[in-house]
Amino acid sequence: MIQALLVIICLAVFPHQGSSIILESGNVNDYEVVYPQKVPALLKGGVQNPQPETKYEDTMRYEFQVNGEPVVLHLERNKGLFSEDYTETHYAPDGREITTSPPVQDHCYYHGYIQNEADSSAVISACDGLKGHFEHQGETYFIEPLKISNSEAHAIYKDENVENEDETPEICGVTETTWESDESIEKTSQLTNTPEQDRYLQAKKYIEFYVVVDNIMYRHYKRDQPVIKRKVYEMINTMNMIYRRLNFHIALIGLEIWSNINEINVQSDVRATLNLFGEWREKKLLPRKRNDNAQLLTGIDFNGTPVGLAYIGSICNPKTSAAVVQDYSSRTRMVAITMAHEMGHNLGMNHDRGFCTCGFNKCVMSTRRTKPAYQFSSCSVREHQRYLLRDRPQCILNKPLSTDIVSPPICGNYFVEVGEECDCGSPADCQSACCNATTCKLQHEAQCDSEECCEKCKFKGARAECRAAKDDCDLPELCTGQSAECPTDVFQRNGLPCQNNQGYCYNGKCPIMTNQCIALRGPGVKVSRDSCFTLNQRTRGCGLCRMEYGRKIPCAAKDVKCGRLFCKRRNSMICNCSISPRDPNYGMVEPGTKCGDGMVCSNRQCVDVKTAY
C-alpha cells in the first residue's frame, strides 16, 4: 500500500517575518515562515504504514495556514517526468561524447492541488525541503526552504513580493505569425468540429522532450552538473503542469550538457542560433537519439530584448521542432514558462492579443511578461486546435508501448504497463467501473476497460463501428468482437477521386487548394485566378517551386500549381501568398493536390495520377 503522509506545517511568529530577505527567487520583501513537521498517517487499528522501498513517497499531504486560514495540499509524484529510455550526455575534455542512463524514477518532483479547490494546482520539488508554488483562491503562492542551519524553516510568499531583477519584461523573439485577423479567429472559433475531430483533439498526446544546456550556461553554474540537472528537472515539472490542461504529457527523454565546447556557434543573434540548433538537431541529434521536440538553454545574452525564439507550427519536423531559450532569470519558474511559451509556438500558437483571456492574470502566450503565467488563453487553445486539425502531426500521438514505460510498472500513472490489465489513475482519481485502481487489474468478469471496442466492461460485438470514416478518403474500422482495441486506421487507395472530383485521395486525405487556403487564411478565402500561379515561374516575390541549398528554384510552366499557393478574399484581384522565413514549406501547395485533370502534385511536379502512386 502506498504510504500517505500528513505533514502539519505550523505557522510561527518569526523575528524577520514580513521584512526583506534574499531567497533563491531573489529579494523577497514580504513573506511568512512555516516549519514542516511530518506526521505519518495511520492505518485502521492504529498501525503505522510501512516505509516504502523508495526514497520519496508517491503521495503526500501537507496542512498549513495561508493568511490565517488552514489549507491541505495534496501531492502526487510526477511519475511520467522521465521517459523509460531517458539518457544524459556530456563531453570529456578531449571531446568524447559520454552518455549514461541514470536511475531517475525515484525522483522528488510532484504535482498537486489544494483540497476542495477545483481549479487549484501545485508544482513542488521535495528534494531538499519543499520548493515550488501552489494556486489558492485565484492567487499564486511560493514556498522554499530558508537557508538556516539545523532548521526546517520555509518561507511562503507571493510573486508580487519578489523584487524584479530588472524592469525589462521578458519578450519572445517571434514576430512572424500565422493568424490573419481578430475577426478570422473569432469566426473560426464558431465552427463546429466533427465527432472525429473532437475525438482527435481529446486524445492523450505525448511529447518526448530533449533539452540541451550550452557551455555558457554550464560555466555560469560553475560546472556543477547536479545543480544544472535539478534546475532542468524543476523546469520540466512546471511545463508538465502547464500542458496537462491541453491533455499533453511532456516526458524528458534526454538531457545534454555541452560541458566541453558548444557543438554549434551559439551567438547573440537569436535567429541564427535557432537555425543552427535546428540543423544540429536534424543532422546530429536525431540519428543518435529520437525525440519529438528539442530546446537549447543558453547562457548567452541575445541581442535586444528577446529571451527565446521558436518555429511556429512545427512539432515533429526534423529541423524546426525546436526552440532556443535564454536562461535569463534566477527564478527557475520564469525560464520554465518561457520554455512552455516557445513550445506553444511549435504547437501552432501565436502571441495573445487584445480579446484573448485566461483565468489568471497573464497568459502563457503573452508577448511580454514580468510575472509568472500558468494558463493558455482562449485564443491559444483555438489556434492550437486549428493547427492540430490542419496538420495532424503524428509523433505526438505515439502512445508509449507497455515495454517502453518505467520498469517496474507503477499502478496509478494512467499507463497500462507490463503486468497490468488497466490503469485508471489513483484510487482518488479513477472514474472507471471496470478497473480496480488499487491493483490495476480488471474487475471481476470485466473483459476490458475504456478502449474503443469496450462497452460496459465487455467487448463490443463483431462489426460494431469503432472509428467512422472521416471523409471520402477514409474507411470505417470495425471491432472484431475478440478485442477491446479498434483495428489500425486504414484509408482508401491513393489516387481515388474525392469531393466530387475536386481532388484525389492522398494518405487518407483529400487535399484541394480551397481547403488549404481556408486553413492558411481563414473562412471566406478562395483560390486565386490561374494567372497568379504563373508567378511561380519566377523567383521574385513569393513565387517559387522549391528551395535548394537556400536558393529559390522556379517552376516549369506545367508545374506552376505545385509551387506556392495563391489565395484571395472575395473578389480581390491581388495575388496573395503566405510565407514564413523559418518554414520553407509553409504556404506551399500540399503534396497530392490536384493540379489538372488526372494530374496531381508529386515532388513539386504536376504528374499523371496513374504514375504518381
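Numbering starts at 1 and runs along the chain as displayed.
Backbone N, Cα and C atoms are what each Cβ position is placed from, and that goes for glycine too.
Residues or ranges marked as signal peptide by Swiss-Prot on the basis of sequence analysis: 1-20.
Residues or ranges marked as domain 'Peptidase M12B' in Swiss-Prot (evidence: sequence analysis): 205-400. Mean pLDDT across the domain 'Peptidase M12B' (205-400) comes to 90 in this model.
The feature disulfide bond is assigned by Swiss-Prot to Cys316-Cys395 (among others). Other Cβ atoms within 10 Å of the Cβ of Cys395 (disulfide bond) number 17 in total over all chains.
Swiss-Prot lists Cys356-Cys379 (among others) with the feature disulfide bond, giving experimental evidence as the kind of evidence. Sequence-distant neighbours of Cys356 (disulfide bond) (same chain, 6+ residues apart, CB-CB distance under 8 A): Cys363, Met365, Ser377, Ser378, Cys379, Ser380. For the recorded site, Cys356 (disulfide bond), the DSSP three-state label reads coil.
The feature domain 'Disintegrin' is assigned by Swiss-Prot to 408-494.
The disulfide bond annotation in Swiss-Prot covers Cys424-Cys430 (among others). According to DSSP, Cys430 (disulfide bond) is assigned to coil rather than to any helix or strand. Listed in sequence order, Cys424, Ala437 are the same-chain residues at least 6 apart in sequence whose CB falls under 8 Å from the CB of Cys430 (disulfide bond).
Marked as disulfide bond by Swiss-Prot: Cys434-Cys457 (among others). Annotation for Cys434 (disulfide bond): spatial neighbours Cys422, Leu442, Gln443, Ala446, Cys448, Asp449, Ser450, Cys454, Cys457, criterion Cβ-Cβ under 8 Å with sequence separation of six or more.
Listed in sequence order, the residues of the same chain lying 6 or more apart from Asn436 (N-linked glycosylation site) and placing their CB within less than 8 Å of its CB are Cys422, Leu442, Gln443. Under the three-state DSSP scheme, Asn436 (N-linked glycosylation site) falls in the strand class. For Asn436, the entry in Swiss-Prot reads N-linked glycosylation site, with the evidence type experimental evidence.
According to Swiss-Prot, the feature disulfide bond maps to Cys466-Cys486 (among others). Proximity of Cys486 (disulfide bond) to non-local residues of its own chain (separation of 6 or more, Cβ distance below 8 Å) is seen for Glu451, Glu452, Cys453, Cys466, Arg467, Glu477, Cys479, given in sequence order.
Annotated disulfide bond per Swiss-Prot: Cys473-Cys505 (among others), in sequence order, evidence recorded as experimental evidence. For Cys505 (disulfide bond), the number of other Cβ atoms no farther than 10 Å from its own Cβ, over all displayed protein chains, is 25.
Under the heading Ca(2+) 3 binding site, Swiss-Prot lists Asp474, Leu475, Glu477, Asp489, Val490. Taken residue by residue with DSSP, Leu475 (Ca(2+) 3 binding site) is part of neither helix nor strand, so it is coil.
Taken from Swiss-Prot, the feature disulfide bond applies to Cys498-Cys510 (among others), supported by experimental evidence. In three-state terms derived from DSSP, Cys498 (disulfide bond) belongs to an extended strand segment. Cβ contacts within 10 Å of Cys498 (disulfide bond), excluding its own Cβ and spanning all protein chains shown: 21.
Look at Swiss-Prot and you will find Cys532-Cys575 (among others) tagged as disulfide bond. Within 10 Å of the C-beta of Cys532 (disulfide bond) we count 21 further C-beta atoms, all protein chains included. In three-state terms derived from DSSP, Cys532 (disulfide bond) belongs to a helical segment.
Annotated disulfide bond per Swiss-Prot: Cys542-Cys577 (among others), in sequence order. Taking Cβ-Cβ distances under 8 Å and a sequence gap of 6 or more within the same chain, the neighbours of Cys542 (disulfide bond) are Leu535, Arg564, Cys577, Ile579, Gly587.
Following the DSSP three-state reduction, the secondary structure of Cys545 (disulfide bond) is coil. Residues or ranges marked as disulfide bond in Swiss-Prot (evidence: experimental evidence): Cys545-Cys555 (among others).
Annotation source Swiss-Prot lists disulfide bond at Cys562-Cys601 (among others), citing experimental evidence. Remark: Cys601 (disulfide bond) has Lys561, Cys562, Val589, Glu590, Pro591, Gly592, Thr593, Cys595, Val607 as non-local neighbours, by Cβ distance under 8 Å and separation of at least 6 in sequence. In the three-state DSSP assignment, the secondary structure recorded for Cys601 (disulfide bond) is strand.
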Open item on the list: For Cys316 (disulfide bond), which of the listed binding-site residues (Asp474, Leu475, Asp489, Val490) have their CA atom within 10 A of its CA?
Closed with: none
Open item on the list: Rank aside, I only need the closest one: which of the disulfide-bonded residues Cys395, Cys545, Cys555, Cys606 has its C-alpha nearest to that of Asp489 (Ca(2+) 3 binding site)?
Closed with: Cys395
Task: Rounded Cα separation (Å) that holds between Cys606 (disulfide bond) and Cys555 (disulfide bond) - done: 10
TODO: Return the single residue from the disulfide-bonded residues list (Cys473, Cys575, Cys606) that has the minimum number of other CB atoms within 10 Å.
DONE: Cys575
TODO: Using the recorded Ca(2+) 3 site (Asp474, Leu475, Glu477, Asp489, Val490) as reference, state which further residues of the same chain have their Cβ within 8 Å of the centre of those residues' Cβ atoms, listed in sequence order.
DONE: Arg467, Ala469, Pro476, Thr488, Phe491, Gly508
- [ ] Could you list the residues of the same chain, at least six apart in sequence, whose Cβ is under 8 A from the Cβ of Cys510 (disulfide bond)?
- [x] Asp471, Asp472, Cys473, Cys498, Gln499, Gln502, Gly503, Tyr504
TODO: Output, ordered by sequence, the same-chain residues six or more apart from Leu475 (Ca(2+) 3 binding site) with a CB under 8 Å from its CB, or 'none'.
DONE: Ala469, Val490, Phe491, Gln492
Task: Site of maximum Cβ density within 10 Å, from disulfide-bonded residues Cys316, Cys457, Cys595 - done: Cys595
Open item on the list: Taking the Cα of Asp474 (Ca(2+) 3 binding site) as the centre, which of the disulfide-bonded residues listed as Cys505, Cys545, Cys555, Cys575 lie within 10 Å of it?
Closed with: Cys505
